[in-house]
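S.K.: This is the structure, below, for whatever I ask next.
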Amino acid sequence: MSMLANSLCSSPAVKQPPVITNQPDSITVFGVEDISLTCEASGNPPPEFRWTKDGEEFIPANDPGLSVTPGSGSFATTGAGSGPMSQYQGKYSCYASNELGTAVSNEVQLIAENPPALQKEKKVTKKVEEGESVVLKCNPPFSTVPPVIHWMDRHLLHIKLNDRVTQGRDGNLYFAHVTAADNRNDYTCNAQYMNARTILSKEPITLTVTTSNSLVRNRRPLMMRPSGSHSTYHALRGQSLELECIVQGLPTPTIQWVRKDGELSEVRTSRVLSDRLLRFSSVSESDAGEYQCTASNPQGKAIHTYTVSVEAAPYWTKEPVSQLYAPGETVRLDCKADGIPSPVVSWSINGIPITGIDPDHRRLVRDGVLILKDVAFDDTAVYQCQAHNKHGTILVNTYIYVIELPPQILTADGQMYTFVEGQKALLPCQTYGSPRPKVTWEAESGAVLLDEPRVNLLTNGTLQVTNVSSGDEGLYTCSVVNSNLSINAELEVLNRTVILSPPGPLRVQPGNRATFSCLAQVDSKLTPPHIQWRKDGQKLFQSSSEDKFTFEGPYLIVANVQAEDEGLYTCQVITSLDMVEASGSITVVDRPDPPTKILISDQRDRSVTLSWTMGDDHNSPVIESVVEFEEQRFKEWGWEELKRVTGSKESVTLDLQPYLSYRFRVISVNDIGKSVPSMQSDLYSPPPQAPDKNPEGVRSNSTEPDTLVITWKEMDKREFNGPEFHYRVFWRRVVGDGPTWHSNVTIEPPYTITDVGNFSAFEIKVQTANQEGEGPEPGSVIGYSGEDFPMEAPMDVGVMLLNSTAVTVTWAPVDKETVRGNLLGYKIHLRRFGSRSHHRGRRAREPERSLVVVTGPNEEKKVLGGLTPYSHYALTVTVFNNKGEGPHSETLSFKTDEGAPGPPMSLHLDSPSETEMTLHWTPPAQPNGVLKGYKLQYQQSGNDSPMQEETIDNHTVTQLTLKQLDPHSRYRFSLRGRTSAGDGEPITREGVTTLDGAPPSNIIMSPGEKYVNLSWVPGQRHRSVVFQVQYLKKQDTWTLGKWQQTEKVNSSASFYQLKGLTPGSQYRLRILFSNNTFWDNEISTGGAAEMDVRASFATRGWFIGLVSATVLLFLVLLLLCFIKRNKGGRYSVKDKEEGQIDSEARPMKDETFGEYRLEHLIVF
């Protein structure tokens, strides 16, 4: 019903046609169950109800066994009736009528059945051989509502179903083959009738499985249900469909489903009961076609083809709309339905078929469309459109209400409508009136809206703007044509939500964590979005107990990823106006499983073919297979890699070595890693053969005189090729032995021959051999017997000075016969004894330095450079071979000439004033002669000022003061020593003159409890001065305390810590320099104040002694006064007489006053 009609009907004063609000439902009743059919409707005036049963009028109120609900057409049984329930069986329709028309309900069916009951049965016993198939039948009592079947045992436990034991749609229990474990006598079929609320248990069936000692024969698959090779199924659109494929066979067959005329949808179908059942949850026309079930085991295959045809009960494709009309308008009611076969559409008015009403030239019915021209008030009625085919009937009520009403706009004025870019914007302008008001829309900009293809005016007055953008924002006005009615609507367009960082495809190893991101950009005017994560379309919720899914802002964390976590993960960013989503996936990857079925084939003398079957690659394809072997004869090496096979190949030809015993295994490799090794292959040993090669590295390793040692690189045992492996060693002199070879046999290197002379040349070779024969003919090499030390030293050794640091050494070559070996060259042994300086004591302290220079065998002279000038040297020359050096030549001494000195060892700058600079230096460590003096060069840095020079002719001078320097310039100083050979290398320094120093004044104080830190920044060009810090506790100021002072402090230190202060006290600080105070300040230490026991005289020793002496003196005087008073001392007689008078009332006399005063002074 339209909004206009709802608005009209919401007013109690306006008449309303009847509308069915609660439809009756078809029911099946059993026995004496209650019957209840519901029929409720709205309308004004309230509608009256009536029923038809099987097309005939039925009045429930006239039946004493039925009661009618007041105000509605619903009725129910009361239990007072006397007839059977079957009397109410039939097809019912409800009619609701008032003065504006009659509405009709859907036709429903009431079925009355007797409760299902069991007939007397005989006990069933089945006896089959092990491996055979069997069917246990249920055959439950019939009911129009099929029962749910449960196979149970006597303990009411379900019989376990699997690929071997299956329950068919007919309720029977099917065994593909039986085993001894199937023996039991309590297979019970329980039929559960849901509507009748009844469960019937059939008689238990006994299954006896006989076994024999013979081997159970395997059997090829054979269809059990359905039988044969082809069957046809008819399904109704929207209903469920189940295709069975229950087979027998041994071993248990596996089932595979395919669609022969297309691709089998994994979304629309599911496989249950170990693939024995292909289920369509809601059939559609696209599911019609041919399906094939293939059951297979090692014995063969069984195939069954299903032809599925889909028909449909009628369903609406377009329903007529109830509406208000003004007199004179033309009404068009469209009613279209579809179904298989195509349904027939018919019209009724107020429940009366239109074919039974008098013809009206204004009324036209064609192809389900009813057209009524020039309507009048008496055309107000409820019209029924009905569609039916052999599968059912559907009916829809719609009314035509002819009335005159003034136009109104129902939509509120001044509303703001907010949308997101790209959405379809709808600006409503709901009107009310009859005839229906016509509206127009205008934009604030004055643009003609309907010229824009994105803008449409809907029939209900709503302005629709598709793919809205920010340029569409603004004020829009809706106006009713031929009236002064209008409203304004404001359109606001926000930025669409965009996912900036969507989740992506993740490849994760089991046990690891996967993290998806879903960063989104949302318009600032929108509230923060809600992010909803889904896995395969199902919502994900954070679980504190399992901790599987964790949501952290825009991130989803999947912990401990396992195979069941694979799937499509979707993040939905949901705002109040839009929703965007992006998807990623988790693929669980892992190292591959190890290969299986390692087989050896095509065995040859030096090769075999190894084959294997790949294991599960866990979603990461195998990129190579590594073949390893373990040698079992010698058992020294463990597993070694033999060959790599790329890709997914599952066989390889392996080259083998004779006489070895091989075991093989294979390791699969993918991007994640290596699998564990496969099981080992069988042992294989190629037959022995003669060696293929001779040893490498044959040479003479003779180190002792008169001995020939032949050695070589020992052969790997894996290259022996057979048993009793050994080496044949051959040798002969290059000169003197002729063509004859000497030979011998050994099992390992080296091989030694004696009495062959020193450094004699031999041809040598080594050949391998074993029990099967000898290796290839070896090639020979030249080797020499052992060498001895050279016998003679070089003669005619001479030295020629080239300059102060280089000499040329010459000698005469030795006779090669005296070398007694291979002449490798000469060695010059050079020693330095010190400087030629006259300072003998200094030269004695210099360490000797030795140097050995090696030359080639054909050299007769050598230039020695890098010598120290003005030094004493001695040298000898030897000849050497592989054995060692011969005797030294006679020692030859020589002296090097004087040279330029090295740089002074140090150079320090000191500025006594702003225009003076004093240079202090130490002489060169290497004077290289007699030092005559120094040369100083200096100039201002950073400009082109002339170089100035000072020559110092006294070599003992080690300092020099330069005056009249520019105090604002920086200088560069170069100082070098001088000998008769020239000027030496310089030492260079840069510096500036310094200003007069002063104690710091910009001091920063940082007090603690018992200390204060003083820090300052020293002047960059000021000379350092020494000062002292004086401090005085402020409390001591009033007692004229003495200032304490620190040790001397250097102004260049920049920091000083004054310690030993009292917590919670105030101090005065000042700096003393040259008996003058340069700085004065006060500080307070931190912490609570302490009692100064040192400052309190009450705690001092002298005070305690004074008090003690005073008390003792008082006691002595008191004792003397007491003695004197007892002897009649100088007291007034009258005082004695008036001794009883109060002392305060007694008059004072002079003598008593004097005594009192004396005693008073003594006491105090």
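Including glycine, each Cβ sits where the backbone N, Cα and C put it.
Pulled these features from TrEMBL for this protein:
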DOMAIN    18-105  domain 'Ig-like'
DOMAIN    116-206  domain 'Ig-like'
DOMAIN    221-309  domain 'Ig-like'
DOMAIN    314-401  domain 'Ig-like'
DOMAIN    407-494  domain 'Ig-like'
DOMAIN    496-587  domain 'Ig-like'
DOMAIN    594-688  domain 'Fibronectin type-III'
REGION    678-705  region 'Disordered'
DOMAIN    691-788  domain 'Fibronectin type-III'
DOMAIN    793-899  domain 'Fibronectin type-III'
DOMAIN    903-997  domain 'Fibronectin type-III'
DOMAIN    999-1096  domain 'Fibronectin type-III'
TRANSMEM  1101-1123  transmembrane segment
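Map these features onto the structure and tell me what's around them.
M.R.: Over the domain 'Ig-like' (18-105) the predicted model carries a mean pLDDT of 90.
Shown for the domain 'Ig-like' (314-401): DSSP residue counts in helix, strand and coil, namely 6 helix, 52 strand, 30 coil.
The DSSP breakdown of the domain 'Ig-like' (407-494) into helical (H, G, I), extended (E, B) and coil residues amounts to 6 helix, 43 strand, 39 coil.
Summarised by DSSP class, the composition of the domain 'Ig-like' (496-587) is 3 helix, 48 strand, 41 coil.
The DSSP breakdown of the domain 'Fibronectin type-III' (691-788) into helical (H, G, I), extended (E, B) and coil residues amounts to 3 helix, 40 strand, 55 coil.
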S.K.: Helix, strand, coil: count each for the residues of the domain 'Fibronectin type-III' (903-997), based on DSSP.
M.R.: 0 helix, 53 strand, 42 coil
S.K.: Would you kindly list the residues that approach the region 'Disordered' (678-705) from elsewhere in its chain, counting only those six or more residues past its ends and only Cβ-Cβ distances under 8 Å?
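M.R.: Long-range Cβ neighbours of the region 'Disordered' (678-705): 594-596, 598-600, 603-606, 608, 610, 612, 630, 632-633, 656-667, 711-715, 719-723, 725, 727, 749-750, 758, 762, 764-776, 778, 781, 783-788, 820, 882-883.
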S.K.: Take the domain 'Fibronectin type-III' (594-688) and count its residues per DSSP category (helix H/G/I, strand E/B, coil), listing them in that order.
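M.R.: Per-class counts: 0 helix, 44 strand, 51 coil.
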S.K.: Tell me the residue counts in helix, strand and coil for the domain 'Ig-like' (221-309), as DSSP assigns them.
M.R.: 3 helix, 54 strand, 32 coil
